[in-house]
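J.: Quick one: structure below, then a few questions.
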Amino acid sequence: FAPVNVDCSDHPKPACLQEQKPICGSDNKTYDNKCSFCNAVVDSNGTLTLSHFGKC
């Protein structure tokens, strides 16, 4: 059973689509989608991780 991961290698992006596929981060914040989550991961210098898919 591998830990759940999100590939953020193609981020950050200047703009994210308004796609609703919520992701819960380790900061207990719900991100709208992978793009906004990955941008936050980059901003956090990699300290932010995925808690689970779906709202927190």
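The first residue you see is number 1, and the count goes up from there.
The backbone N, Cα and C atoms fix where each Cβ goes, and this holds for glycine too.
So Swiss-Prot lists these for the protein:
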DISULFID  Cys8-Cys38  disulfide bond
DISULFID  Cys16-Cys35  disulfide bond
DISULFID  Cys24-Cys56  disulfide bond
DOMAIN    6-56  domain 'Kazal-like'
CARBOHYD  Asn45  N-linked glycosylation site
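Help me see these features in their spatial surroundings.
T.: The secondary structure of Cys8 (disulfide bond), as reduced to three states from DSSP, is coil rather than helix or strand.
Cys35 (disulfide bond) is surrounded by 21 other CB atoms, counting those within 10 A of its CB over all protein chains shown.
Note on Cys56 (disulfide bond): other Cβ atoms within 10 Å of its Cβ, all shown chains, come to 14.
Counting every protein chain shown, the Cβ of Asn45 (N-linked glycosylation site) has 7 other Cβ atoms within 10 Å.
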J.: In the three-state scheme derived from DSSP, which category covers Cys35 (disulfide bond)?
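T.: In three-state terms, Cys35 (disulfide bond) counts as helix.
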J.: For the domain 'Kazal-like' (6-56), what's the model's average pLDDT?
T.: 93
J.: Pick out which of the disulfide-bonded residues Cys8, Cys16, Cys24, Cys38 has the most other Cβ atoms within 10 Å of its own Cβ.
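T.: Per the Cβ count within 10 Å, the most buried is Cys38.
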